[in-house]
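According to Swiss-Prot:
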type	residues	note
REGION	1-39	region 'Disordered'
COMPBIAS	1-20	compositional bias 'Polar residues'
REGION	40-124	region 'Disordered'
REGION	49-61	region 'Fe-S binding site A'
BINDING	Cys49, Cys56, Cys59, Cys61	[2Fe-2S] cluster binding site
REGION	86-100	region 'Fe-S binding site B'
BINDING	Cys86, Cys89, Cys97, Cys100	[4Fe-4S] cluster binding site
MOTIF	97-100	motif 'Cx2C motif 2'
Amino acid sequence: MSSPAPSTSHNAANSTQAFSLKTRRPIDEDDLLTAEDREAKSTVEKLDCATRRRACKNCTCGRAELERQLEAGGSQVMGAMPPGGCGNCAKGDAFRCAGCPYLGMPAFDNAVDGKVKLDLTDDI
């Protein structure tokens, strides 16, 4: 007599699996955080006017003079490099240094005094 064929039940196959959707437990989100993650992060504020909209009381970067000139009705002209300038003032905020007096202003062209170049050529 021959021996019976081995049984291929699904329960036997599932018991050897490392992962099963039926036995999966939900992960507690609080267990994923460490004690360091739970601590409140504090940002250190600079004490200069690069992070503010107005010049600080003891401004040394030239922003106070620039604001006084604009309030008096003068126009903002970039003649020479600002003090401590990196040369990227005209490129926009992404390229400006923290002490740039032009922080928050749109990009401009050093050679042109506030004039917009229009391309009047036809696209056809």
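Just so you know, glycine gets a Cβ as well, placed from its N, Cα and C.
Predicted, not measured: the structure shown is a model, and the values here were computed from it.
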Helix, strand or coil for Cys89 ([4Fe-4S] cluster binding site)? Use DSSP.
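DSSP assigns Cys89 ([4Fe-4S] cluster binding site) to helix.
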Could you check which of these binding-site residues, Cys89, Cys97, Cys100, sit within 10 Å of Cys61 ([2Fe-2S] cluster binding site), going Cα to Cα?
Cys100
Say you check the Cα of Cys59 ([2Fe-2S] cluster binding site) against those of the binding-site residues Cys89, Cys97, Cys100; which is nearest?
Cys100
Give the number of CB atoms, excluding that of Cys56 ([2Fe-2S] cluster binding site) itself, located within 10 Å of its CB.
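Neighbour count, Cβ to Cβ under the 10 Å cut-off: 16.
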Count up the helix, strand and coil residues in the motif 'Cx2C motif 2' (97-100) according to DSSP, in that order.
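Once the DSSP states are binned, the motif 'Cx2C motif 2' (97-100) shows 0 helix, 0 strand, 4 coil.
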C-alpha of Cys100 ([4Fe-4S] cluster binding site) to C-alpha of Cys56 ([2Fe-2S] cluster binding site): distance in Å?
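That comes out at 14 Å between the alpha carbons.
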Take the C-alpha atoms of Cys97 ([4Fe-4S] cluster binding site) and Cys56 ([2Fe-2S] cluster binding site) and report the distance between them in angstrom, rounded.
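Each residue's Cα considered, Cys97 ([4Fe-4S] cluster binding site) and Cys56 ([2Fe-2S] cluster binding site) end up 17 Å apart.
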In the structure shown, which of the binding-site residues Cys59, Cys61, Cys89, Cys97, Cys100 has the fewest Cβ neighbours within 10 Å?
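Minimum Cβ neighbour count within 10 Å, taken over the binding-site residues Cys59, Cys61, Cys89, Cys97, Cys100, occurs at Cys97.
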Given Cys89 ([4Fe-4S] cluster binding site) and Cys56 ([2Fe-2S] cluster binding site), what distance in Å do their CA atoms have, once rounded to a whole number?
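Distance between the two Cα atoms comes out at 21 Å.
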